[in-house]
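**Q** The structure that follows is given in the form of structure tokens.
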Amino acid sequence: MVSAEAARNVVGIIGNVISFGLFLSPVPTFYRICKNKDVEEFQPYPYAATVLNCLFWILYGLPIVKPDSTLVVTINSVGLVFELIYLSIFCVFDTQNKGRKKVFLVLFGEVIFMAAIVATTFLAFHTHARRTLFVGVFCDIFNIMMYASPLTIVKKVVTTKSVEFMPLSLSLANFLNGCVWTAYALIRFDIFMLVSNGIGAFFGFLQLVLYAFYYKSTPKRGSQDVKPSEIQLSASDAASRA
């Protein structure tokens, strides 16, 4: 009979694989940037936001905060590296200097904010339970925001009756990612992972319903008609969900 711990590890590994795929999803965007040597209309903010989200979950998964959460740390560490690479590429090819300074300022602000959270966590709270509670609240806030971010395209989908700018792969990956990490949280009950990922699974389900409803009414057009600013959905911001 499979133990609860073994089942949890298996589910966590599956979650790592799905989240890894989400972190890789912006690769075509940055391949385009490198090929054109220009960031065009793409924006760096989703990736900068995901950096902070990853940092919070790494802190949450540390043994001195939340014991036995190694798989949470591993996938968010990988995600952090990917996001920093994406931002580095953006800064290199930001030929018009439209967002480079803002990227540095945002990252600097995130470092200061994170340092304050880390200091407060270890100086003001001296038990695992209190540290988990303090850090977990921040994790849930940012995680829910990340899960909800693809829903910003809903208005466009409804008004145009087209899912052209809401990729099925991203919506499905968001749903599966939320479901897997919700299951992970239930095996050994973790309220913070359960809340944010449960809500994330629900948001992903809503996107799939919307996709199914408007798929047939979506005009079949070539990719050349799509503007960069319209297709940019940072799946990476949904990926740091662990």
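Placement of Cβ uses the backbone N, Cα and C atoms for every residue, glycine included.
The feature transmembrane segment is assigned by TrEMBL to 6-24, 45-65, 71-93, 105-126, 132-153, 165-185, 191-214. What TrEMBL records for 219-242 is region 'Disordered'. According to TrEMBL, the compositional bias 'Polar residues' annotation covers 231-242.
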**Q** Between the transmembrane segment (45-65) and the transmembrane segment (105-126), are there three or more CB pairs that fall under 8 A, provided the residues in each pair are separated by 6 or more in sequence?
**A** yes
**Q** What else in the chain is close to the transmembrane segment (191-214), if you only count residues 6 or more beyond its ends and a Cβ gap under 8 Å?
**A** 60, 72, 132, 136-137, 139-140, 143-144, 146-148, 150-151, 154, 157-158, 161-163, 166, 168, 171-172, 174-179, 181-182, 184-185, 238, 241-242
